[in-house]
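Presented below is the structure to which this report refers.
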Amino acid sequence: MAATTFPSDDIDNLRSPLLPPKKKPPTEKLCIDDMLRKHCGEFGRWQLKHFILTSLAWALEAFHTMVMIFADREPDWRCVSGSVCDDSGGGGVCGLSPESWEWVGGRGGSTLSDWSLICGNKFKVGLVQAVFFAGCMIGAGIFGHLSDSSLGRKGSLTVVCAMNTIFGFLTALSPNYWIYVLLRLLTGLSSGGVGLTAFVLATEPIGPTKRGAAGMSSFYFFSGGIALLSGVAYIFQTWRYLYIASSIPSFLYIILVLPFISESPRWYLVRGNVTEAMKLMSTIASSNGKHLPDGVLLALDDETSSTINQGSGYDITTMMTYKNENKDALVGSIIDVVRSPITRMRLFIAVALNFLGSVVYYGLSLNVMNLETNLYLNVMLNSVAEMPAFTITAVLLDRFGRKPLTVATMWFSGFFCLMGSLVGNVGVWKMVRMVCGVLGIFGMAGTYNLLFIYTAELFPTVVRNAALGCTTQASQMGAILAPFVVVLGGWLPFAVFAACGIVGGMFAFNLPETLNQPLYDTFGGMEAGLA
């Protein structure tokens with residue numbers, strides 16, 4: 001008689017009801033940082049590709065921000081042959097008759113020559129710059145909120161790149177000065193959201209021990225974009241063609257790069273879409289040559305203190321599917337940041353640091369770029385000169401921590417600005433003052449970019465971009481103020497920059513250290529972690 005066989009499931013069904021149920025593996029809830037550390041990899045092949053593709057957007061921001069250096073420049077002029085053209089008084093073209101001189105290369109070289117923004121109208125060139133940064137300030141707040149809420153990080157990045165493309169092309173068609181000002185305002189509105197959305201999207205899927213160095217590396221793309229723009233501007237020396245050439249990369253980024261960028265798993269999680277967050281974490285693990293084991297689920301940081309099964313060996317609850325794990329979306333705003341006693345003071349200090357750092361960074365940049373050298377070469381060299389500051393800061397970031405490095409770099413910059421204010425501007429002291437300015441911007445370049453990383457780590461995911469948007473607005477206010485400080489002349493600009501650096505370092509003493517700390521998702525998780 002043949003032996004009867006039973007499927008394994010039938011054998012389980014024949015189990016005596018008196019026996020305890022079969023043990024099932026416990027289901028563990030992990031926050032994203034823990035899952036990256038344990039199962040997915042903190043910075044593997046997936047994160048490297050995602051980081052590079054996302055950070056390319058920084059180069060686009062550099063194009064749309066710095067293009068006005070070349071588009072609004074004052075071209076060279078020359079006397080018309082056969083005319084009386086005497087500039088011995090040093091007043092430039094303002095003291096000459098219009099028929100006695102002409103622009104080298106024609107009127108279309110820049111907006112200044114095209115619309116005669118000289119003499120009594122020269123203030124209009126500065127007005128365009130102020131209006132652009134005002135647009136950046138507004139856009140940072142708008143897209144900081146939208147990227148935390150309905151649009152998400154990738155959605156916001158797509159929208160701002162599309163807006164930059166459209167407004168950049170339209171700027172080239174400006175029929176007059178005031179339409180040009182309006183289009184630069186709209187370009188600033190979109191440009192203000194590029195850097196902060198790209199930064200957060202690039203760094204959120206990276207593990208805590210690698211996030212600082214990776215975040216600092218993103219600023220190489222901005223400096224590289226400025227250097228590349230110098231070459232583009234050298235080729236297209238007519239301002240209308242330059243605006244077209246500087247807008248094409250944004251269009252190419254939308255169609256060639258953005259389709260290969262993923263949304264942030266943290267945004268999925270706080271929006272209640274655990275299914276998509278788990279799928280993405282599984283993709284990260286497999287791309288990095290790792291495996292996400294069964295029984296592991298994503299949860300917000302204030303929900304990870306317990307597991308579903310607690311490892312008792314008995315199937316107390318049925319393992320939930322990804323779909324059932326989906327929850328209501330968590331939405332935060334800058335009002336929530338102000339209401340929380342933990343983040344309120346952090347926001348105030350971060351706003352102050354970004355404002356003060358921006359005044360020094362942009363102010364010193366304007367001073368250095370006023371050297372009587374080739375404009376295209378000078379801009380490129382200044383962008384390259386910032387890169388060692390990024391490298392040194394990235395190396396020291398995870399060794400000494402965010403707080404000590406912020407204090408040190410701000411005081412470093414403040415010290416050399418103070419030295420620059422104490423020396424004269426005659427003879428050999430001119431060179432000493434220039435060196436002080438270079439060292440001042442070297443220190444503040446590291447601070448200015450370190451603040452992006454520090455600020456992102458100070459606030460939970462539900463309001464991270466809103467907080468970054470607020471601090472970016474403060475930076476743009478500093479950028480608007482910087483040119484007015486520069487025109488003070490003499491020793492005063494260096495004295496103001498020194499005061500900003502020294503006071504900023506004192507403010508930084510009141511911030512907590514975030515080195516190797518979790519990137520919290522919710523206010524509850526942050527409060528529990530700091531308890």
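In case you wondered, yes, glycine gets a Cβ from its N, Cα and C as well.
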Range annotated as region 'Disordered' in TrEMBL, from 1-22, 67-88, 199-220, 507-528:
1-22
Should anything in the same chain at least six residues away from the transmembrane segment (155-173) have a Cβ under 8 Å from its Cβ atoms, list it; otherwise answer none.
54, 57, 60, 64, 139, 143, 146-147, 180, 183-184, 186-187, 189-191, 193-194, 197-198, 201, 240-241, 243-244, 246-247, 250-251, 253-254, 258, 261, 263, 465
With the transmembrane segment (438-459) as the reference, find which of 123-143, 179-201, 347-364, 480-509 contributes the most Cβ pairs under 8 Å.
347-364
Listed stretch, out of 123-143, 213-235, 241-261, 376-397, 480-509, that has the most CB pairs under 8 angstroms to the transmembrane segment (179-201):
123-143
Where, among 123-143, 376-397, 480-509, do we find the most CB pairs under 8 A to the transmembrane segment (347-364)?
480-509
Annotated stretches the transmembrane segment (213-235) and the transmembrane segment (123-143) touching (3 or more Cβ pairs under 8 Å):
no
Restricting to the domain 'Major facilitator superfamily (MFS) profile' (50-516), what is the model's mean pLDDT?
81
